[in-house]
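So the structure is just underneath, and the comments pick up after that.
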Amino acid sequence: MLLFVARKFLYLVPVLIAVSLLTFLIASLLPGDLAYTILGDQATPETVAALRRDMGLDQPIWIRYFGWLGHVLQGDFGRSFRTGQTVLQAVSERLPISFELMILAEIMCLAIGIPLAIICAARSGGPFDRFMTGTAFGMLSVPTFLSAILLIYLFAVELRWLPATGYVPFGEDPAANLRFMVLPALTLALAEWPGIMRVLRSDMIATLQEDYIALAKAKGLKASRILFVHALKPSSLTLVTITGINIGRLIGGAVIVETIFALPGIGRLLVGAIATRDLIILQGVVLLVGAGFVLMNFIVDMLYAALDPRIRHGHA
């Protein structure tokens, strides 16, 4: 197991380097001059040239990359020229909000997707299975922003059960916090539960056709025990994989959802950095989010190996 973990960890190094390089290139090759953005259009050419020298913008891009990477490895991701706040400060303030949003959305995804997958697998080919499979395909085609608008109209405008936008910290008022987080989390969940249901349903249908399932039925075991113990448990590997993939999709969806629902999370910070051309915040946030996604996949691989010893033995 230790050898498997070590090898997987070594694979992270080139991936993280590639993420950092891509992040730097995207931020560096965007149209416009960072020095002009900082100083404004009224700045003189001499002033702009002096700032470019101070920031190293007059140097070749590969020298700038290694200089920036060296600062990153020391924990210095830069400082916003708009607010004066460091990247780590900006991210640390907003990360708990995005993290809470993704956790709630993932819980909702699993709460919707797993029961439906079990029922559909147990009634494979029946009316309910066909209806839910068609519904899942339909839900995959609905844009996140449209789901958000419909949920706001139904629950905030018509029924007035939940607030449309805003945020209250959990430590300040837990009940109010959950009321503000329900609609954003549900919006993300509606986009992701069909994937969980379809994959788990297919896996469970295949499992229910195995010989040991037929043997369990011949022994007279209850249908519920066969479904939840003998069929669902082997499919936990598939569930771990799809959950890990969902985390990456939730990160992307959070950008849209946080903007629509005015949540001060990482997604809204990223959108604000793009709107104000705050390239320091932009590349810092993109790098940290990308690295977080890579590490999340590493954790999923470790869980997968822990659940199925054949995987780690196969890589030993």
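Even glycines carry a Cβ here, placed using N, Cα and C.
According to TrEMBL:
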DOMAIN    95-304  domain 'ABC transmembrane type-1'
TRANSMEM  9-30  transmembrane segment
TRANSMEM  101-122  transmembrane segment
TRANSMEM  134-156  transmembrane segment
TRANSMEM  176-196  transmembrane segment
TRANSMEM  250-274  transmembrane segment
TRANSMEM  280-307  transmembrane segment
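When Cβ-Cβ distances under 8 Å to the transmembrane segment (134-156) are tallied for each of 9-30, 101-122, 176-196, 280-307, the top count falls to 176-196. Beyond the transmembrane segment (280-307), the same-chain residues lying 6 or more positions past its ends with a Cβ under 8 Å from any Cβ of the stretch are 1, 4-5, 8-9, 12, 15-16, 19-20, 22-24, 26-27, 72, 77-82, 87-88, 90-91, 236-237, 240-241, 243-244, 247-248, 251, 266, 269-270, 272-274.
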